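**Q** Mind looking over this structure? Questions follow.
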Amino acid sequence: MKLPEIHIPIIELPVNNNVKLFMKREDLIDSQISGNKYWKLFFNINNYLEKNPENPFIITFGGAFSNHIAAVSSVGKMLNIPSLGIIRGEELQDKWRDNPTLAFANQNGMNLRFVTREEYRDKEKLTQSLQKEFPDALIVPEGGTNEDAVNGVKMMLNDETKDFDYLCTAVGTGGTIAGILKFSEDNQKVIGFTVVNDSSLENTISELTLKQNFDLIDSSFGGYGKIKDENIRFINDFKERYGIPLEPIYTGKMMQKVFELIEEGYFPENSKILCFHTGGLQGIEGANLLLQKQNRNLIIK
Ligand SMILES: Cc1ncc(COP(=O)(O)O)c(C=O)c1O
């Protein structure tokens, strides 16, 4: 069995301005292997399975609330492949069952191994020792960004997406925007909404794509993983208005910034803007638990 190709429709989000806003809902691919994760894993997994059909085994890395860990564990379950998640933070060893993402990954059959932050940081050393321990395993990097991932993102584009002036995506490690940019038309502008403060992103993206028709716009709203009341209000209003859920780390911040840019007149009149909904909705439950712990009166609906 392999991951199948899936066609995702584009829908219009009516706005009261002189631009046309659309969304491609990659979040609907699968409730758990959602969005960009599916496409970033697509060639990684399918190429590996072609070479190792007998005893496949997948290893990857992630933090406590990682969408990537959730996605890889779901792929493992879907294709009946055992998997191992290397999780940042020894302290989670005794309390991972209270973490919805890790509990979900484990229910999918993913074994979890907890390492210190220091060990986690040295990915090269960690990867080498894992490759020694599991010589035939597929080791997918954190966030799933590699060349196969960038090429998999091509599947998010098609003849319909060529019709847009702007292609918008949230940016973490840069793999998704690199794929969109690499396969975009030269007359299209690709906008990356960065949620992580990482000064090397621009170079990483240029090197992966050799293209320059992109802009990065800071959409961190105070820092990676920080959730402000205004972010929650935006997500809840957006869901009420369009019936589309967003999560607070990537897609919520991107869409909030897109609306700010529309209000500021950033996009010329009659521009056609396409935003990719990159999923990650499994993170809402964990985010709400954190908000509760912080005694915040708001929750993400
Ligand atoms: C929901 C969601 N959107 C966007 C991204 C950004 O993807 P990339 O790491 O390829 O930049 C991520 C990354 O984890 C994500 O989970």
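Any Cβ shown, glycine's included, is placed from N, Cα and C.
Annotations for this protein, taken from TrEMBL, read as follows:
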type	residues	note
DOMAIN	9-279	domain 'Tryptophan synthase beta chain-like PALP'
MOD_RES	Lys37	N6-(pyridoxal phosphate)lysine
ACT_SITE	Ser66	active site, nucleophile
**Q** Measuring Cα to Cα, how many Å separate the residue listed as 'active site, nucleophile' from the residue listed as 'N6-(pyridoxal phosphate)lysine'?
**A** 11
**Q** Validating a neighbour-count step here. Other CB atoms within 10 A of the CB of Ser66 (active site, nucleophile): how many?
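**A** Other Cβ atoms found within 10 Å: 26.
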**Q** Using DSSP and collapsing to three states, where does the residue listed as 'N6-(pyridoxal phosphate)lysine' fall: helix, strand or coil?
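**A** Assignment for the residue listed as 'N6-(pyridoxal phosphate)lysine' reads helix.
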**Q** On the 0 to 100 scale, where does the mean pLDDT of the domain 'Tryptophan synthase beta chain-like PALP' (9-279) fall?
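**A** Reported value for the domain 'Tryptophan synthase beta chain-like PALP' (9-279) is a mean pLDDT of 95.
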**Q** Which chain-mates of Lys37 (N6-(pyridoxal phosphate)lysine) that are at least 6 residues away have a CB under 8 A from its CB, listed by sequence?
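**A** The list for Lys37 (N6-(pyridoxal phosphate)lysine) reads Asn67, His68, Ala71, Gly144, Thr278, Gly279, Gly280, given in order along the sequence.
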